[in-house]
Every structure is written in structure tokens, then in C-alpha cells.
Amino acid sequence: MTTGDITPKKERKSRRSKRVVDEKAPLLPKQQDEAAGYDEFNGASFTGAVFNLSTTIVGAGIMALPATMKVLGLILGIAMIIFMAFLTDASIEFLLRFSRAGKSTSYGGLMGDAFGKYGRIFLQICVLVNNIGVLIVYMIIIGDVLSGTSSSGVHHSGVLEGWFGEHWWNGRTFVLLVTTLGIFSPLACFKRIDSLRFTSALSVALAVVFLVITVGIAIIKLISGTIMMPRLLPDVTDLTSFWKLFTVVPVLVTAYICHYNVHSIDNELEDSTQIKPVVRTALGLCSSVYIMISFFGFLLFGDGTLDDVLANFDTDLGIPYSSLLNDAVRVSYVAHLMLVFPIVFYPLRLNMDGLLFPSARPLVLSNTRFACITVGLITVIFLGANFIPSIWDAFQFTGATAAVCLGFIFPAAVTLRDHHFIATKKDKILALFMVVLAVFSNAIAIYSDAYALFKKNSGARA
């Protein structure tokens, strides 16, 4: 059985030694001839690539999905999750097809090929805004869960505070400092995204732990007869309830955003033809997790499901060992976010380098530049999460805009631009639909966030 040892080796070798087409685009080269002493890398495996892409997809957004079922009902809600998975697959296929046509090896290179220098810069700014915002929110959530939070004069105890009482060492700032120095910083120092495959696998496993606990609790309460039949269809009684259906669109549209990592994962794959199966496997895995979390989360809490279902696990679940299960859910979720952090940080650093040093040699070849950008970004994220309390409100606006641009508007724009004349009529119709959906979603998200902020401020003044 020597079929795998004849031509594939040749293909893999050429794949590993491919050179950067656009040096101004932020990307990590698979191997550079001048990288003396850089360890030999034979390419990423299919499984590692699937876990890395899945971890990019499943971030904090998983906690908002059960609340979408409360608005849409189970049938329409699950149908929308599946539909968005297919739409995301189509948008990533646009990215890959036009990247191959233009020989671009990064998202920035693709935007530069289609729209020139300013297209590339706009893409990099969107990645910076989206990923910095996401990582600050992750750090805020980690601080809230471990050290507690206070809102409207009410203090919600954190896990560490509940276990050990209130001490200086389980205060928010100290806990986040230890997390940053002990977990985030070491994981952020890897120069290849494939090096994060094991932490990504663990991150997906922790999301599954949360799912298993939720399913278990729901089944126990179902057997005991304490769960009502969940609503299957939306409850539309007037114009207000009809417009409320659209408020969940932004959650669903941004649920699968992973486009900024696709090229990095593709560049490191041992066999570049596997990228489409990698994308579809990751989307299938994440869709399954999303559907089960949404179904059993809504089944468990019904109309009492909160916008962030994690908050539902801060109360008595009405079963034995309720407190222990609550802590298990919260700790597994926090650990999951800690391991998602380096995967989201990776493209952030590459795009920051591409924005600041567009003509410099690849980041992987400059340890000084790599270290300075890494330290600078982690410091900004840490300070933002600890000392700018209103930053979450700001990123609710900018994050929604940047995310839909990365996920749908940019891939659709590249397709409509059709710089290489390879788009079909069907492609352009689908691209136009993506743009309309993304703009509509963003408008709703901005209106909803502005209304909520105005209402909160009005309530505070009253």
C-alpha cells in the first residue's frame, strides 16, 4: 500500500514551500527559506483544522441562542440556525474560490486584489475592531463569572467568591491579571495556528460538557414532569410582537463568524484541497451543538430563558445538587472562553502587523515585532476589560458592524466585484442577498442596542 507515498509527497512539499503572493497582506507563511532555525512543519491535520475553526465559531454567542428560541419558537429557530450555517458555507466558498483565482493567501490579500490598498486596510480595521471587542467581552465575562459583578446595587457572587468568601486574591482585577499572565500570554505566543489544535479540541469538549449538563438537567426535569411543552412557533399577536421577531436576527447572523481565520488554517493544511471539507465539518459540528443548546436550553427554562442563558444558571434549578451543577456550567464555560481567546487573538495580531508594517517581512520571522505586538494588544485588552466600564456598550455598536462586514458584506462585495470574471449569475444573486441581510441585521442590532442603552440611562436618571 504505497499509493500515499508517491505523488502526494510532492504535492505536500510544494504546498509547504509556497511563497506569499502579497507581502502586504497579513498572514503566517507555512515555511520560508530564509527562516533559519524555524522548526520543520509538515502541515496541519484535518482534525486539528476542524477543531481550530470550530473554536473560532463557538465563542460567547452560544449563550444567546436559547433566547432566540423564545422569540422564534423551536421550529423556526432551529430552521434559522441551519439556514445560517448554509449561508456561512456559501460566503466562505466565495472567499476561497476568489482567493484561488487571485492567488491570494489571506483575507487581506483577497480584499487588496479586489479593491486595492484601501480595501485591504478596511478589512484589517474591521478585524481589529471585531476581535479586540470580542476579547474584551470575553475577559469581562470571565471576571464576572469568577469574581462576581454588581449592577443596579445588586451584587452577584462569583464562583471563587462563593467557594472561598471575599478575599483580595479573588478580586476581579487580580483574577484577570493571573489569567492573562498564566493562560492568555503563553497561548498567545504560538506562531502557528495549528499549535493551538489541542487547546481548541479541549475548548470544543468544554462546550460539549455544558451541553451534556444542560441536556441531563432537562431530561431529569422532563421525567419529573416539571417542564412545560416548549413553544414551537412564534407568538405573534400584534405589530410589536411581529417586529420583535427581527431582534434575534443579529444573533443568528453573527453566530458562525469565522472568516478571518479561514486563510490561516488553509495555509497550514497538509493538503490544501481539504479546506472545504474542513469548513463543512466544522459548520456541521457547531450547528449540532447550537441546535442542541438552543433546544434543551429553551426546554429547560421556557419563557424564563434570559438573553444570556448563563444567567439562568445563577438560580436554584429545582433539582438535587443544583448549586454544584450551576458551578460546573459556569466554570466549564469560563474555561471554554479562556481557550477560545488565543484562536481569536491570532488573526488580530496578524492584521495589526499588516496594518502597521505593510511592507515588512512576515511577522513569524521577526521575534521583536512579534513580541511587541503581542504584549501591546494583550495590555490593551486587559486595560479595556478592567478600567473602561462603558466599553461593552461601545463594542455593541462597532462589533455588530465589523462582524457582519467580515462574515457577509466583504465576501459578497468581492463576488459582485468579480475581478477575475468567475462569478455566475446565481453567485451574484446570493451575494446581493447576503448584503441585504447583513445591512438589515446591522440596522436592527444598532437600533436595539441604542434603544436598550437609552432606556437604561433613562431608568438610571429616574
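Each Cβ is built from the backbone N, Cα and C atoms, and glycine gets one as well.
Keep in mind that TrEMBL annotations are predicted by a computer and have not been checked by a curator.
TrEMBL has this to say about the protein:
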type	residues	note
DOMAIN	44-448	domain 'Amino acid transporter transmembrane'
REGION	1-26	region 'Disordered'
TRANSMEM	46-65	transmembrane segment
TRANSMEM	71-96	transmembrane segment
TRANSMEM	121-142	transmembrane segment
TRANSMEM	173-190	transmembrane segment
TRANSMEM	202-223	transmembrane segment
TRANSMEM	243-262	transmembrane segment
TRANSMEM	282-301	transmembrane segment
TRANSMEM	331-348	transmembrane segment
TRANSMEM	369-388	transmembrane segment
TRANSMEM	394-417	transmembrane segment
TRANSMEM	429-448	transmembrane segment
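Highest Cβ contact count with the transmembrane segment (243-262) among the listed stretches 71-96, 173-190, 282-301, 429-448 falls to 71-96 (criterion: pairs under 8 Å). The transmembrane segment (71-96) makes contact with the transmembrane segment (394-417), as judged by at least three Cβ pairs under 8 Å among residues 6 or more apart in sequence. If one looks beyond the transmembrane segment (173-190) by at least 6 residues along the same chain, the residues whose Cβ comes under 8 Å of a Cβ in the stretch are 139, 142-143, 146-147, 160, 196, 199, 338-339, 341-342, 345-346, 349, 374, 378, 382, 385-386. The stretches the transmembrane segment (46-65) and the transmembrane segment (282-301) are in mutual contact, each linked to the other by at least three Cβ pairs under 8 Å (pairs 6 or more apart in sequence). Highest Cβ pair count under 8 Å relative to the transmembrane segment (202-223), across stretches 282-301, 369-388, 394-417: 282-301.
A Cβ distance under 8 Å defines the sequence-distant neighbours of the transmembrane segment (394-417), meaning residues of its chain 6+ beyond its ends; these are 87-88, 91-92, 94-95, 98, 107, 110-111, 114-115, 123, 126-127, 129-130, 133-134, 136-137, 250, 253-254, 256-257, 259-260, 423, 427-428, 430-432, 434-435, 437-439, 441-442, 445-446, 449-450, 453.
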